[in-house]
Amino acid sequence: MTKIAPSILSADFSKLKNEIQDVEQGGADYIHVDVMDGHFVPNITIGPLIVESIKPYTGLPLDVHLMIENPDKYIPVFAEAGASIITVHQETCPHLHRTIQLIKSHDVKTGVVINPATPAEMIRDILQEVDLVLLMTVNPGFGGQAFIPEVLQKVKQIAAWRENRQLNFEIEVDGGINQKTAELCAEAGADVLVAGSAVFKQENRRKAIEEIACAAGKAE
Ligand SMILES: O=C(CO)[C@@H](O)[C@H](O)COP(=O)(O)O
């Protein structure tokens, strides 16, 4: 069953607690938290204080995506704040293996992510160490962008490596996910779909989540 991870970047921040509880009751599997620093990506968003303040109000795993330079410096505070999964960009980690070990040392699940233009080969040799591989289907920085279909080939490639090497990380995709692209991603091998606008910009979040999950289910 494909999991749905609503991205709170598209939520109404003036009532974030209610927004999170709404998607939890609507059937979400993870709460996706986009952390941006204004350097690695051209936007500034959420810090550990927000993670800490939402943690008591949801039973769902907090899936924290660090779009920041020098992630090693901030992994301990995000772990302490309540992150369940911490995902770092290969592009920001010159010593990726060491960074993944740092996340593990905080008893948090580990994720690695690549941008649309980064080849899958860049993370091939770290796959045995991670719980989640995130493939960006837009250039990170903003919600509401158009899906980049060329990434589907990478989803297939990573899924094939996972099968050949008998690994069991989850494959997550993020950016421009809607009913149409959800089906394509699930077909290619994605297990977790991050959706911002397609969930939070809809009045009925349960219906939005069900429709995306149902579209993905057609491919299963
Ligand atoms: O990380 C990001 C953007 O950098 C995403 O998580 C977006 O928040 C997804 O938004 P939609 O494309 O689904 O509106």
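Using the three backbone atoms N, Cα and C, a Cβ is placed for every residue, glycine included.
According to its DSSP assignment, GLY143 (substrate binding site) is coil. Less than 8 angstroms from the CB of GLY143 (substrate binding site) sit SER7, LEU9, SER10, GLY196, SER197, each of them six or more residues away in the same chain. Sequence annotations record features per position, and here TrEMBL assigns substrate binding site to SER7, HIS65, GLY141, PHE142, GLY143, GLY144, ASP174, GLY175, GLY176, GLY196, SER197.
Look at TrEMBL and you will find HIS32, ASP34, HIS65, ASP174 tagged as divalent metal cation binding site. Its own atom aside, the Cβ of ASP174 (substrate binding site) has 27 Cβ atoms within 10 angstroms in the protein chains shown. DSSP assigns ASP174 (substrate binding site) to a strand in the three-state reduction.
What TrEMBL lists as active site, proton acceptor is ASP34. If you draw a 10 Å sphere around the CB of ASP34 (divalent metal cation binding site), it holds 24 other CB atoms from the protein chains shown. Under DSSP, ASP34 (divalent metal cation binding site) is assigned to a strand (E or B) in the three-state scheme.
Taken from TrEMBL, the feature active site, proton donor applies to ASP174.
The binding-site residues recorded for this entry are GLY141, ASP174, GLY176, and the Cα of ASP174 lies nearest to that of HIS32 (divalent metal cation binding site).
For the pair GLY141 (substrate binding site) and ASP34 (divalent metal cation binding site), the C-alpha distance works out to 9 angstrom.
Between the CA atoms of HIS65 (divalent metal cation binding site) and ASP174 (substrate binding site) there is a gap of 10 Å.
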